[in-house]
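Shown next, in structure tokens, is the structure this report addresses.
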Amino acid sequence: MSLFIQNDQQRQWMEKIGRIADEFQQTAAEDDEQGRFPAEKIQKLRDAGYTALTLPASHGGGGISVYDMLLFQERLARGDAPTALSIGWHLSVIGELGEGNSWDEDVFAFVAKEVQNGAVINRAATEAKTGSPTRGGRPGTHAVKKDGKWAVNGRKTFTTMSQALDYFLVTAWIEDKQTTGVFLIHKDDPGLSIEETWDMMAMRATGSHDLVLNEVMLDENKLVELLQGPRGAKPNGWLLHIPAIYLGVAQAARDYAVQFASEYSPNSLNGPIKNVPAVQQRTGEMELELLNARHFLFHIAQLYDDPVRRPHLTSELGAAKHIVTNAALSVVDKAMRIVGAKSLERTNPLQRYYRDVRAGLHNPPMDDAVIHKLAAEAFES
């Protein structure tokens, strides 16, 4: 990764995150096996100042760029992808809001102060009946005015990091306004609860349980956004944290396979299997796919970080997610082919990488939406 490190700040944080990732890796398999959300790891990231990095410097944060975030997140994911994905949602939400939000300045300043003090926030937008919010479905969660306050009722699924969040950004349909609003809700607000429903084969340690809202009463200023169209319609480079996670998983799989091939020497060969042409072929293919994915991802991040070039990005952000995620799937598959049947052992990290990397297919934007948009733009040009 030295090729992609551009300054001393990045180098210092990469060294710090590298140490944290290596520490987290020691218990990643146990967290996965138990389906346990590692709250202590999120606290470690809080204590390190990591959770305030994407907060603008004008509001007391680190003010890092999308490019910076991807560097750090990819490294963290090599050691512990579920933890990296979890905190990545917080980092991306704060980065997006700081870049250009329509919130009341006093409300954002309050949230910024909370983040400086270690608060963690995530959006809660997905529902069982609507699917991904990027598809544009109307949320079943609803908000109505009662005695000068907002009463919010509903249920959200896939609420990542639910057990560690201090604040939830909840989408709810407002009938009077005929649009979807976003409400800022604190974890201790009466009527809010977490139902532990998360039991997936992939990303088992993200604690993405259901958020249940039962007559949660909120002050008027807790309505912080009114959405115009489906979420995801506006280009958001901070969502590149998603492919960065799966690039990290792929790199971890590649590293394991290369080490295995360098050390494993069956008695049918005069040396390790790294000398076998088929192994060299697959290893070279892994390297090529990782090179393509990494360079494309970080180039798009650089374009997005440039305010002059950012408006010219159309489908590139979605294409980056598609290219990187599918390359990661392929790399993990090749790594398992190199290692062979041992990669299927429950104690082998490759089987965990295989399960975790598949979650990328179901993070936004979806592959079919990316391809459809590319085709539409081709015919409109």
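Backbone N, Cα and C define each Cβ position, glycine as well.
Positions annotated as FAD binding site by Swiss-Prot: PHE158, THR159, THR160, ARG337, ILE338, VAL339, GLY340, ALA341. In sequence order, THR126, SER208 are the residues of the chain that are 6 or more apart from PHE158 (FAD binding site) and have a CB within less than 8 Å of its CB.
Neighbour counts of Cβ atoms within 10 Å were compared across the binding-site residues THR159, THR160; the minimum falls on THR160. Taking each of the binding-site residues ILE338, ALA341 in turn and counting other Cβ atoms within 10 Å of its Cβ gives the largest count for ILE338. Spatially close to ARG337 (FAD binding site) yet at least six residues away along the chain are ARG282, judged by Cβ distances under 8 angstroms.
Comparing Cβ neighbour counts within 10 Å across the binding-site residues VAL339, GLY340, the minimum falls on GLY340.
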